[in-house]
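**Q** One structure, pasted below without further comment.
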Amino acid sequence: MAGKILAKCLFLFVSVCLAINLAICTTNIPNTKKTYIIQMDKWAKPDVFIDHTKWYSSLVKSVLASTPEKEIAGGEEERILYNYQTAFHGVAAQLSEEEVKKLQEQHGVLAVFPETKYELHTTRSPLFLGLDREDSSKLWSDRLSDYNVVVGVLDTGIWPESPSFNDTGMTGVPAHWKGACETGRGFEKHHCSKKIVGARVFYRGYEAASGKISERDEYKSARDQDGHGTHTAGTVAGSVVRGANLLGYAYGTARGMAPGARVAAYKVCWVGGCFSSDILSAVDQAVADGVNVLSISLGGGVSSYNRDSLSIAAFGAMEKGVFISCSAGNGGPDPISLTNVSPWITTVGASTMDRDFPATVKLGTGKIVTGASLYKGRKNLSTQKQYPLIYLGNNSSSPMPSSLCLEGTLDGAAVAGKIVICDRGINPRVQKGQVVKDAGGVGMILANTAANGEELVADSHLLPAVAVGEMAGKAIKHYASARNATATLRFLGTKLGIKPSPVVAAFSSRGPNFLTLEILKPDMVAPGVNILAAWTGALGPSSLPIDHRRTTFNILSGTSMSCPHVSGIAALLKARHPDWSPAAIKSALMTTAYVHDNTYKSLKDASSTTPSTPYDHGAGHINPRIAVDPGLIYDIGAQDYFEFLCTQELSPSQLMVFGKFSNRTCHHSLANPGDLNYPAISAVFPEDTKVSVLTLHRTVTNVGSPISTYHVRVSSFKGAVVRVEPARLNFTSRHQKLSYKVTFETKSRQKAPEFGSLIWKDGTHKVRSPIVITWLASL
């Protein structure tokens with residue numbers, strides 16, 4: 001009996017303890033603080049506050065829950081991470097869900113955004129783009145040193161000692177520049193120069209989410225430990241460096257797209273990622289500092305326009321005349337994989353160049369397969385000898401952990417002394433080689449899967465390794481299933497004049513833009529495969545901690561590399577045409593882009609080797625030498641973009657996040673979103689089959705000869721008849737605007753989109769707009 005009573009008492013005690021603990025946990029959940037971005041109506045500030053910062057602080061203080069922290073003087077200040085005052089208005093603060101609910105009810109609060117994590121989208125290109133010819137500097141400017149354009153690079157920082165940032169011969173810092181050179185570990189005032197005119201760091205949002213940055217392990221300054229930021233900054237505006245190379249590969253003269261432009265480094269990315277509150281603060285500060293161009297090679301998921309804080313900040317930057325280019329993402333070849341799709345952002349996909357780094361696999365049968373590699377090491381495999389070849393997969397369409405060469409999956413006894421075939425995917429390509437090396441393998445063949453097709457990306461491996469396309473990979477794996485299969489690897493250096501090129505990279509994210517089908521994305525493609533540019537002194541070229549090699553330049557691939565190409569060319573266009581708006585610069589780049597490779601055939605898709613479409617390449621591949629004189633431009637002002645937003649079924653309060661700063665209202669000047677004066681034309685027929693005619697409107701501005709006549713040419717389509725009225729545009733003065741309309745009449749609704757183009761010609765200029773016609777299917 002006593003035992004039963006004791007058991008009951010113990011049960012009651014445990015139950016009470018569990019209940020108390022549960023109550024404590026339940027109570028604590030709503031009070032867990034997270035970072036939120038609060039957008040404010042700048043004009044709603046009560047007169048009692050001397051400035052917006054005091055008002056924001058008071059608002060945050062008014063909603064703080066009763067905790068010991070609140071009783072500490074200045075507790076509300078500790079909750080506030082950033083104040084935004086230029087491209088965006090409001091604060092970033094750490095709040096509980098309960099506090100957020102209270103704050104949303106306060107006067108002047110327009111919107112609240114939870115913190116979002118973003119990821120990085122990871123010397124031949126100037127020549128490939130025609131930027132290093134003798135007449136190039138005359139085409140762009142009288143003297144490169146005359147450039148006063150500043151490009152803000154939001155990334156992992158910068159390595160200031162790189163020769164790409166040499167400021168010899170440059171004039172003083174532009175008078176309009178208001179930026180600063182923030183100091184920290186490894187970065188002093190003297191690291192800024194006439195080339196690197198600004199350096200700032202943004203980490204409060206990152207630390208709030210991930211904990212304090214270890215200053216022993218990471219530079220809590222603008223110094224770039226990762227290399228990504230140095231590479232992108234060098235691509236944008238690197239100074240001329242002769243004899244640039246990576247371990248002997250790609251030897252030649254390196255230079256950025258705009259070698260006379262200035263760089264301002266805004267470090268927003270750390271070891272654990274990049275956070276929206278930090279990115280937003282960097283955009284806000286960069287606009288206040290006076291940047292002319294923003295280059296942002298990172299992205300998160302796609303949110304509606306009014307829920308995307310970067311999109312809203314970019315809108316504010318555009319209002320201030322800043323050109324913003326962003327990477328499309330590395331989610332290809334999957335469709336609808338784009339990020340950064342707002343029409344006021346220039347979204348850049350990636351393409352190849354006519355340079356390659358060939359390497360071969362010679363099988364025991366004597367068959368030779370060509371691949372790519374940047375391997376340069378002391379331990380080369382003998383080309384006079386064959387090595388055992390092994391594949392630890394089952395040749396099915398689904399790779400296995402061992403076939404992917406994931407860490408800890410290779411049996412040393414099985415792979416020692418052998419060349420190992422590894423499937424591409426999951427872990428970094430160079431890490432697979434390290435896994436093979438650690439297990440005792442002597443070489444690696446990196447085989448593409450269906451996701452990558454025949455695209456070859458070269459890497460600076462730590463052991464002899466060759467990347468091969470999907471078809472070659474399948475053949476090699478089939479051969480490896482035979483007994484006594486052997487192979488050897490050979491590295492052939494750098495090869496130029498590759499055909500066909502350019503080709504759309506398989507990894508480059510694709511359209512359509514599912515937020516708004518009427519806005520074609522990406523906008524264009526630019527070189528993004530095997531790009532040589534400046535590199536950090538803190539890491540080896542493979543970026544693996546075990547890699548003790550150090551190089552001044554590195555070769556990387558990704559839309560992170562294509563974005564700064566466009567940013568730099570935008571800087572050139574801004575220097576040549578200071579009065580051009582961001583939309584005018586984008587228009588010049590889009591309407592002069594080309595859609596044929598160096599074999600005079602349509603651009604191809606590396607993932608399928610079939611012709612690519614505007615959903616893959618946008619308007620086409622950038623052509624800067626032609627973009628400087630486009631003839632006509634499609635200009636778009638901030639109010640025009642706002643009118644586009646008015647067609648997006650946003651509520652008045654949702655529209656306010658874009659319109660409140662300038663007190664914009666909807667004039668309903670666009671009949672539908674396809675009427676935005678975009679350089680690309682996308683006609684979307686609704687599900688209602690009764691709608692068989694659709695008319696879109698465009699206005700072009702003459703920036704060529706004052707007196708000129710343009711004639712139109714439009715593609716024929718299987719599913720629709722397309723008419724352009726008028727078919728001729730007669731200009732009598734420079735900057736004159738003329739309008740035309742494009743009418744689409746359905747002949748037969750097509751199940752798949754149709755692609756074509758509209759071109760205005762005057763005998764000198766060809767102003768090309770891609771056309772997409774889509775018929776929505778009824779459910």
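Each Cβ is built from the backbone N, Cα and C atoms, and glycine gets one as well.
As listed in TrEMBL for this protein:
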ACT_SITE  Asp155  active site, charge relay system
ACT_SITE  His228  active site, charge relay system
ACT_SITE  Ser560  active site, charge relay system
DOMAIN    35-121  domain 'Inhibitor I9'
DOMAIN    148-601  domain 'Peptidase S8/S53'
DOMAIN    387-476  domain 'PA'
DOMAIN    675-773  domain 'Subtilisin-like protease fibronectin type-III'
SIGNAL    1-19  signal peptide
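A description of the local structural setting of each listed feature is requested, covering burial, neighbours and distances.
**A** Other C-beta atoms found within 10 angstroms of the C-beta of Asp155 (active site, charge relay system) number 29, with every protein chain shown included.
Of all Cβ atoms in the shown protein chains, 26 besides its own fall within 10 Å of the Cβ of His228 (active site, charge relay system).
Looking only at the domain 'Inhibitor I9' (35-121), the predicted model's pLDDT averages out at 85.
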**Q** For a quick check of packing: other C-beta atoms within 10 Å of the C-beta of Ser560 (active site, charge relay system), how many?
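**A** Total other Cβ atoms inside 10 Å, all chains included: 30.
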**Q** Work out how many Å separate Asp155 (active site, charge relay system) and His228 (active site, charge relay system) at their Cα atoms, rounded off.
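**A** Between the alpha carbons of Asp155 (active site, charge relay system) and His228 (active site, charge relay system) there are 7 Å.
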**Q** If I take the alpha carbons of Ser560 (active site, charge relay system) and His228 (active site, charge relay system), what is the distance between them in whole Å?
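**A** With distance taken Cα to Cα, His228 (active site, charge relay system) is 8 Å from Ser560 (active site, charge relay system).
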